[in-house]
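Visitor: Starting off with a structure, shown below.
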């Protein structure tokens, strides 16, 4: 299985070094030919920075893609990613630590952390800041974020610290998400709204996406965030209605999430709305299609679909690894249903490449439309 975070890379390095240190004495007793082979052989960099398997090898993959009873599926080649490296990755990581900020990229062990944090020639380096601490009051069975009934109190300096960090990075698109805080009166809506305000004060041109909780269905809290000055209102339904009780915390459900998305658009019609669905949890094609239709009927603008990845053995097992071709099919379905933007792929996540040109242009067009009215 490919390693998906820097901590895992460090762990691998220490294990390799430990084994090497234990075998130094044995090395001296090897024949010269074997010594030469080991000396000229690959090192750690050859494993972590080499090219990933190309598409031509995907067709030859013979492993099971659907889980049988008592089985744990092996990771197919199209889900293997590179270990995050580079100057921009390290810069973002260091800034976060210095300001005591958290990202969902790290806490949820996202496989795209190197790609999003690293940016690229045509991409915006994007880190999804996780507000209100790193401990959630809910226990969804797919999520690796820490949980507790009474997490530490909110940090009143977090909104300003977040704005300072984003200003230091020089980003033009930022994603704010949060843990669920059912222990806070408004679910943290005021805290999120204040963070958006601080960001806009420091940089009025910055585009802000908020991936929010459901606030226990409190539409006043939804309204508070929707009217905060954000550009994209995101809230994830996570899976099809039929699997909600199996996958999400009992306090969450599909209808409640749909009301959140609809209300955000009702109070702020020009905001871009967005949601995400994980595949590979046991859903059927008919259920996925019906869910997509329901989301579009609720006037959701953007949809992302990605492969569910089991973060630890304590979490839900992967029922199926969906092929890249099937994800492409769902992207085409999304376009046919009228979503303004559909991102569908094995490694796509709700905040994946949030600063892509299309989404940025969509926000810009809506702002231009409003200014002309």
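Glycine too: its Cβ is placed from the backbone N, Cα and C atoms.
Per Swiss-Prot, the features are:
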- 1-26: transit peptide (TRANSIT)
- 105, 110, 116, 351: [4Fe-4S] cluster 1 binding site (BINDING)
- 121-340: domain 'Radical SAM core' (DOMAIN)
- 136, 140, 143: [4Fe-4S] cluster 2 binding site (BINDING)
Visitor: A 10 Å Cβ contact count, applied to the binding-site residues 136, 140, 143: which residue has the minimum?
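Guide: Looking at the binding-site residues 136, 140, 143, the Cβ with the fewest others within 10 Å is that of 140.
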Visitor: Quick one: mean pLDDT on the domain 'Radical SAM core' (121-340)?
Guide: 93
Visitor: Going by DSSP, is residue 140 ([4Fe-4S] cluster 2 binding site) sitting in a helix, a strand, or coil?
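Guide: It is coil.
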